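Trainee: Taken from TrEMBL, the feature domain '23S rRNA (guanine(745)-N(1))-methyltransferase N-terminal' applies to 15-49. Residues or ranges marked as Zn(2+) binding site by TrEMBL: CYS16, CYS19, CYS32, HIS36. Among the features that TrEMBL reports, S-adenosyl-L-methionine binding site is placed at TYR73, GLU105, GLY106, HIS197. For 99-185, the entry in TrEMBL reads domain 'Methyltransferase'.
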Amino acid sequence: MDDMMVSTAVEEILRCPVCSLPISFQQGTWRCEQAHAFDMAKEGYVNLLRKKLPGDTREMLLARRAFFDKGYYQPLASLLNELLQAHLAPVQEGPVRLLDAGCGEGYYLGNLQAQLAQRFGQVYGLGIDISKDAIRMAAKRYPDTFFMVANLNEPLPLADQALAGMLNIFAPRNVAEYARVLAPGAPLLIIIPGPRHIQELRQSLHLLNIEENKQQHVVEQFSGSFTLLETRELSYELALQQAEIAQLVMMTPNYWHLSEEIRARMEALNSLSTTIDFICLVFQRL
Ligand SMILES: [Zn+2]
């Protein structure tokens, strides 16, 4: 598909981020009736932010892409595919519109869209991230997916009940908005780090700890508008060499806290075996 076709496929569910009116695509620009306008970038994404907000940097994103491209998080991608195949099926009518809220450089969404299309036919992936660098990288690699730079902590640029499903992977959570844009019965997959996630790496380098009781906190957050259908834990060991250790540190929020001491420890660490521990919470919109 070219950018024009992708835009047409998602046009009916997009809303102006300023006034919430419908927004349509004309001559390279998204425009609402009140003349709020947003240009489509040459890479095929739209920037809906009025001012630049801090997000993942290009250095973080390049580290993440290099790490993903080695397949280290492929087990999570497979689990997401399995869960969406199972939970989209009962509610799916017409085209599947799937949002990845906090999509980063697009790895999970781009791959899932292709896999889901084999079963469901028309699948339209939409990705939102606050980092323009992330969205630019995503749009270049996954031209069949529609990417937007937007803030998940503000009203989403989407119509009510627009989506058949949603992903939220190590990303901010906006309960009221996620409830608004999902169709009744639609699945919402939230991935958070489990308590043992990269624990050996955290201990070796003195990195940030995982928030305590995170899982319980998320379940409580979403309990008003969603039912928890199932909880899946995914845990495995990774044997990493120095380059991958650095990539794994750089792709996380630890990037913002890299002291001289941590850098020195990182350079001294030639190899390490560490635990990957994901928790996947499968919610359903009531
Ligand atoms: Zn508007």
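Numbering starts at 1 and runs along the chain as displayed.
Cβ coordinates are placed from backbone N, Cα and C, and glycine is handled just like the others.
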Trainee: Can you tell me which of these binding-site residues sit near ligand 1, meaning the Cβ is under 6 Å from at least one of its atoms: CYS19, GLU105, GLY106, HIS197?
Mentor: CYS19
Trainee: For CYS19 (Zn(2+) binding site), just count the other CB atoms lying within 10 A of its CB, please.
Mentor: 12
Trainee: At the level of the C-alpha atoms, what whole-angstrom distance separates CYS19 (Zn(2+) binding site) and GLU105 (S-adenosyl-L-methionine binding site)?
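Mentor: Cα-Cα distance, CYS19 (Zn(2+) binding site) to GLU105 (S-adenosyl-L-methionine binding site): 28 Å.
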Trainee: Near the domain '23S rRNA (guanine(745)-N(1))-methyltransferase N-terminal' (15-49), which same-chain residues lie under 8 Å Cβ to Cβ, leaving out any that are not at least 6 residues past its ends?
Mentor: 3-4, 6-8, 130, 132, 135-136, 138-140, 143, 146-151, 154-155, 157-159
Trainee: Between GLU105 (S-adenosyl-L-methionine binding site) and HIS36 (Zn(2+) binding site), how many Å separate their Cα atoms?
Mentor: 27
Trainee: In Å, how long is the longest CA to CA span across TYR73, GLU105, GLY106, HIS197, which the record gives as the S-adenosyl-L-methionine binders?
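Mentor: The span, Cα to Cα at its widest, is 22 Å.
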Trainee: Averaged across the domain '23S rRNA (guanine(745)-N(1))-methyltransferase N-terminal' (15-49), what pLDDT does the model get? Just tell me the whole number, please.
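Mentor: Across the residues of the domain '23S rRNA (guanine(745)-N(1))-methyltransferase N-terminal' (15-49) the model's pLDDT averages 94 on the 0 to 100 scale.
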Trainee: Taking Cα atoms as reference points, rank the binding-site residues TYR73, GLY106, HIS197 by distance from CYS32 (Zn(2+) binding site) and give the first.
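Mentor: With Cα distances computed to CYS32 (Zn(2+) binding site), the winner among TYR73, GLY106, HIS197 is GLY106.
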Trainee: Say we define neighbours as other CB atoms within 10 Å of the CB. Which of the binding-site residues HIS36, HIS197 has the fewest?
Mentor: HIS36
Trainee: Enter the number of other CB atoms within 10 angstroms of the CB of CYS16 (Zn(2+) binding site).
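Mentor: So the number of other Cβ atoms within 10 Å of CYS16 (Zn(2+) binding site) is 21.
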